[in-house]
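Trainee: Okay, here's the structure, questions in a sec.
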Amino acid sequence: MLPSTISYRIYKNALFFAALFGAVQAQKVGTSKAEVHPSMAWQTCAADGTCTTKNGKVVIDANWRWVHDVKGYTNCYTGNTWNAELCPDNESCAENCALEGADYAATYGATTSGNALSLKFVTQSQQKNIGSRLYMMKDDNTYETFKLLNQEFTFDVDVSNLPCGLNGALYFVSMDADGGLSRYTGNEAGAKYGTGYCDSQCPRDLKFINGLANVEGWTPSSSDANAGNGGHGSCCAEMDIWEANSISTAYTPHPCDTPGQAMCNGDSCGGTYSSDRYGGTCDPDGCDFNSYRQGNKSFYGPGMTVDTKKKMTVVTQFLTNDGTATGTLSEIKRFYVQDGKVIANSESTWPNLGGNSLTNDFCKAQKTVFGDMDTFSKHGGMEGMGAALAEGMVLVMSLWDDHNSNMLWLDSNSPTTGTSTTPGVARGSCDISSGDPKDLEANHPDASVVYSNIKVGPIGSTFNSGGSNPGGSTTTTKPATSTTTTKATTTATTNTTGPTGTGVAQPWAQCGGIGYSGPTQCAAPYTCTKQNDYYSQCL
């Protein structure tokens, strides 16, 4: 997610054939262009490392689409202003406006190939498009929902072409699987057209929420000619797996008092879009792990331990207190695989703030050491985030720039008035003058990010199960019989049969616990470490 004003925009005119008009979230469906979802394969893995391909699809958020009069082709929204005749109020606007299909490659710079999705920053066709936000689909009318408790989520990413100020974000939100189609009678478009977005910032820049327009109370943005804030926002829990460019990265859980999507009113929404940031029902800050912010300035970046000049595999594990999918979320772990080596997440170097994973204790200590308000605990902490993961969340893949704070919260000093030696201020090596969207759009229009090779499965099942890019048919891949692993600066080559075989347990795989029947010996130099009675892991 996106902790600042989302800057996905389309520059529009009034010509029908351009098919690139105001970026809005419509609820009715037009007939000018058929909606065809690009295919994107992903995999589910079993405990033995065998993975099965799912034939998924992606859909672009409705906020990017052309929306026009249902009886013609007049824009409902142009620049950052509503058409007063078509949209005098929320209900009339929803009734009068229709949403069209998308030309993914030519208009939005979004292309797929096998299991890969490539997003381009600036796409110039008849008009100019900035960034994009897409969702994984189960079928043409339904978002895929992922339940990640006691699971790990793995994907490959190439951020080599993302400079300071850009954010290639892959994350989960508690959207309705049908995009709100069944809950809200005013919504006739649904997930097929990318409706129903929500996140922990309770965004108010959405043009339609819960089947109604957001025109009442709409204030055009003073910095973004194509955006504004309405009287309502759309709230839900958010799990940021990956927010990154080539300089910095962070992963961040954001719980809400109630995980699912709900509409909020005005400044009581809280978050980036409201005057009272902490006045809502969600945690806008979250509890983040950014290696640079935690004190290790040589871990992630060009030529560093995790080398952003190369594609990498990112593994995120969601551990529970009892080692089951019905347990309580207790820890979120991160590690990387690059050049055949497993790389442990960096350790925090600040006094009284040790560790390399997220737990309730770590998050409380971080808020104290960094002097931040502990809204993470206020809104449920790990337990609150776990409630959302248990219900199932929708996968979001995006690329954006930041009109609110130039992405300095990710890759530079924030606040800019702070001293870089003060704990928590420095988040990356980018200059505080970097990240201006106008500069990025002018000087880095060809910036891009590629997400690929998505896998989900039991702990230890996904990161050593091959890196194929399958086509449309269902296939399976088995883990390699050998792997080169790295823990800190030590490298070892070991043979393994996978976590439930009779040989040696893989690095970071399960190696013990109640009900576990796999190998209990870890590959050197790893040690089987008890996490709880139900789960031990090779660390």
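Just so it is clear, glycine is given a Cβ too, placed from its N, Cα and C backbone atoms.
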Trainee: Just confirming the record: what cysteine out of C430, C538 does Swiss-Prot connect to C522 via a disulfide?
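Mentor: Cross-referencing Swiss-Prot, the cysteine bonded to C522 turns out to be C538.
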Trainee: With the disulphide bonds as Swiss-Prot has them, who is the partner of C511, out of C430, C528?
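Mentor: Of the listed candidates, Swiss-Prot names C528 as the partner.
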Trainee: So what's the mean pLDDT when you look at the region 'Catalytic' (27-461)?
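Mentor: Over the region 'Catalytic' (27-461), the predicted model scores a mean pLDDT of 96.
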Trainee: By a simple count of other Cβ atoms within 10 Å, which of C511, C528, C538, the disulfide-bonded residues in the record, is least packed?
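Mentor: Each of the disulfide-bonded residues C511, C528, C538 was scored; lowest Cβ tally within 10 Å is C528.
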Trainee: At the level of the C-alpha atoms, what whole-angstrom distance separates C528 (disulfide bond) and C538 (disulfide bond)?
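Mentor: Here the two Cα atoms are 4 Å apart.
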